[in-house]
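Database features, via TrEMBL:
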| type | residues | note |
| --- | --- | --- |
| TRANSMEM | 232-254 | transmembrane segment |
| TRANSMEM | 274-297 | transmembrane segment |
| TRANSMEM | 304-325 | transmembrane segment |
| TRANSMEM | 331-352 | transmembrane segment |
| TRANSMEM | 373-392 | transmembrane segment |
| TRANSMEM | 447-473 | transmembrane segment |
| TRANSMEM | 485-506 | transmembrane segment |
| TRANSMEM | 518-537 | transmembrane segment |
| TRANSMEM | 543-563 | transmembrane segment |
Amino acid sequence: MTLTSLKVPTISSGLTNRKREWNKINRSTGSNSLLNQSEIWKFRKELGYIDGVRSCHLSAAHRNSLLSPLVAHRNPRFPVFRNQLSSDFGVEDVKETLTLNEKDDAALLRSSSTGSVNVREVKVKSVDVKRELIMLSLPAIAGQAIDPFAQLMETAYIGRLSSVALASAGVSVSIFNVVSKLFNIPLFSVATSFVAEDISRNAIENLSAGSTNGKALDGVAERKQLSSVSTALLLAILIGIFEALALSLGSGLFLKLMGVPSTSDMHVPAKQFLSLRALGAPAVVVSLALQGIFRGFKDTQTPVFCLGVGNLSSILFFPLFMYGLRMGVTGAALSTVLSQYIVAFLMIRYLNKKVVLLPPKMGALQFGSYIKSGGFLIGRTLSVLITMTLGTSMAARQGSLPMAAHQICMQVWLAVSLLTDALATSAQALIASYLSEGELETVKEIANFVLKIGFVTGVLLAAILGVSFGYLVPLFTQDAEVLGILKTGVLFVSASQPINALAFIFDGLHYGVSDFPYAACSMMLLSAISSAFLLFAPKVLGLQGVWLGLTLFMALRMTAGFVRTLSKTGPWWFLHSDLERA
């Protein structure tokens, strides 16, 4: 029976059974099982011809159910998760805005009719998202731990010189982090997304052109020309040069803003240390952009290897330059700079095997897209850095001894806290991936699991630090007065870990659903509240006021995350819906 001889009621009456079969095919393609061309055409032939399907008076959902699984199973893009200008969308917006790319449909149908689509084997993905999250987190944890560990070693070596040297280095490192990380973190996040999209687009073009000859598409089998990679590298170089000049020429001004005037005993060593660390700014920006690029390739092992080699070299350089060559704090700065360039050059070497680094033409670069997408993240990063820097500035105003104690506490606090950030970045990647496939139940499972494991991790870290902190601090300084001040910092470093863990996890959830406006605006508001507290509390409570203000900052970040996920009108509406019944 031909399609034209069927009436609409006849077609509609059979849609229920056919849609059950269609859902089975959807599930099979979603799990990357084999789907050959004969099966596609067998299913299609039973229902009729494509032209007839497109012209019949059925709903969009039913018309799509009559099309090829290769066409209708295309990953939808939900504005509720992708729109960066307004993320307050609900389920109705999703239903209204789901569309098919007609041009791509026609191309796939033409290729199907000519029999040019090759049968490809696709690796079966694990449905155990918990295991997948843990496996993704392990390399990320290693990468997050390597750099803070090297900074802890630097702090330990400098702390053995004198408390003044330690305090000077602490102020300088804080200034360096403010200037260098202002653009580094947004560039890292945007590069990850843009490179991943570029790789997918390249794979689709190769599929349409039949250029893979039936081989699996892994996106990294040959050197490719990706404009997103070239753009990220050029932006990183330009930003790095700008940061180096700003840190070198403005070192005196930055120190004054941090509460270290020219009359302070910390001024001269701090200025010298900052000027030397400025030489490594280009390497820092480039290496972080490269980490984002590698994550776009789903390669987390190469960055870990490069970071490991670079930071291991710095650990070897510290005693050589500081004590062997008697360069003191200057040797510490040079050791760090050399290790940063080692990391950058190693990553460039490995990336050059994957892609062509230079763009074919300047017009192919994506400067506008990078700047636009990174705008929200720049505002958010600036808010975080201002608050953290204000805390360091208020600690510096307490004197060199409290500043030295604050530097040690901050290094331990950040090094341990950032371990949970690895869970957040892994959850971000999984959420973005499954969200693009419309797997909302899986996203719910990931979100619930990562929040639970994040809290448990925070509690364990709090217990470990509470017991071991007294044994750790003598590794950083032998100054009796500094050690006395550090005893008061145990509560700040250990008890805040569960709060820190959840705050970082919520950041990953925000990024996973592309909720950049809320992430930026909420951070600006809570940063203003925390900064106001930091301006006045240290005058009454001293250094404890600084630590209390930073704990308040993290608690507000955690609260903002809870508020967003509990909202039924924002991007997390599906957490409160019965998706199975819907």
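Just so it is clear, glycine is given a Cβ too, placed from its N, Cα and C backbone atoms.
Nobody curates TrEMBL annotations by hand; they come from automatic prediction.
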> Of the listed stretches 304-325, 373-392, 485-506, which one has the most C-beta pairs under 8 A with the transmembrane segment (518-537)?
Replying inline: 373-392
>> If contact means at least 3 Cβ pairs within less than 8 Å, sequence distance 6 or more, would you call the transmembrane segment (331-352) and the transmembrane segment (274-297) in contact?
In response: yes
> Is it true that the transmembrane segment (274-297) and the transmembrane segment (232-254) have 3 or more Cβ pairs under 8 Å, skipping pairs fewer than 6 apart in sequence?
Replying inline: yes
> At least three Cβ pairs under 8 Å linking the transmembrane segment (485-506) and the transmembrane segment (543-563), pairs spaced 6 or more in sequence?
Replying inline: yes
